[in-house]
Amino acid sequence: MATSAIQQSAFAGQTALKSQNELVRKIGSFGGGRATMRRTVKSAPQSIWYGEDRPKYLGPFSEQTPSYLTGEFPGDYGWDTAGLSADPETFARNRELEVIHCRWAMLGALGCVFPEILSKNGVTFGEAVWFKAGSQIFSEGGLDYLGNPNLIHAQSILAIWAAQVVLMGFVEGYRVGGGPLGEGLDKIYPGGAFDPLGLADDPEAFAELKVKEIKNGRLAMFSMFGFFVQAIVTGKGPIENLYDHVADPVANNAWAFATNFVPGK
């Protein structure tokens, strides 16, 4: 809920602005020359992941790709059967949404498995399973970060929600507002204060990192979907499900659960 509120508030009022990515295609600059934009293909001309000869979604068996999918952006495998990328402004918005959701999913997937791993290795948690952890805030003792009351001690769901919306909404609004952008970058890859390690300094390496980010992010989104299904079907976290599968692969696998699953039981 809080994440949806952040995303909605961050994009509110942006419809009056032209998509920065579309401006990259048309004029190559944004904000009256304040920040010069950089085309992805030009930033890494030797990369195999961009341009006409990039890998396609079905390899050599791929049909003719749509004319608007030119391999300019990372993660473009030439697949758009629904025509979602046909309109440049819609494509620019969906591209931004995908990258942001990829980043949330990668953080979320890590947050789902890491507490369970620590718990299995002797670290004390009030509740290590990701979909059960939040309910600890309603317990008498509240929710302690990492099980330590000397760290963050939460007892109000409203306070947690407000803090998340205010703090994360501020950061996301700062990013969407475009300032200050790193040189040659845009609001999806703002650089500057958002790139303290200087990963965007080398254009070719940066172009490769964009591809790695989108590929890992898409896997993370599927992983999160799998974690949700596991929680509904087995009532266990991903690490515990993995342990069960390794212990008895025949009895604990997707097919066995799918054929025996009864909703509500």
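Heads up, the Cβ atoms here are built off N, Cα and C, so glycines get one too.
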From Glu96, Glu98, Glu208, the one annotated by Swiss-Prot with Trp79, Ser85, Arg218 for chlorophyll a 1: Glu98
Cβ-Cβ neighbours of Gln164 (chlorophyll b 5 binding site) (radius 10 Å): 15
C-alpha spacing of Gln164 (chlorophyll b 5 binding site) relative to Lys212 (chlorophyll a 5 binding site), in angstrom: 28
Tyr57 (chlorophyll b 1 binding site) versus binding-site residues Ser156, Gln164, Gln230, Phe261 - nearest by Cα: Gln230
Inter-residue C-alpha distance, Gln164 (chlorophyll b 5 binding site) and Glu172 (chlorophyll b 3 binding site) (nearest angstrom): 11
Per-residue Cβ crowding (10 Å cut-off), top of binding-site residues Ser156, Gln230: Gln230
Cα proximity to Phe261 (chlorophyll b 5 binding site), best match among binding-site residues Ser156, Glu172, Gln230: Gln230
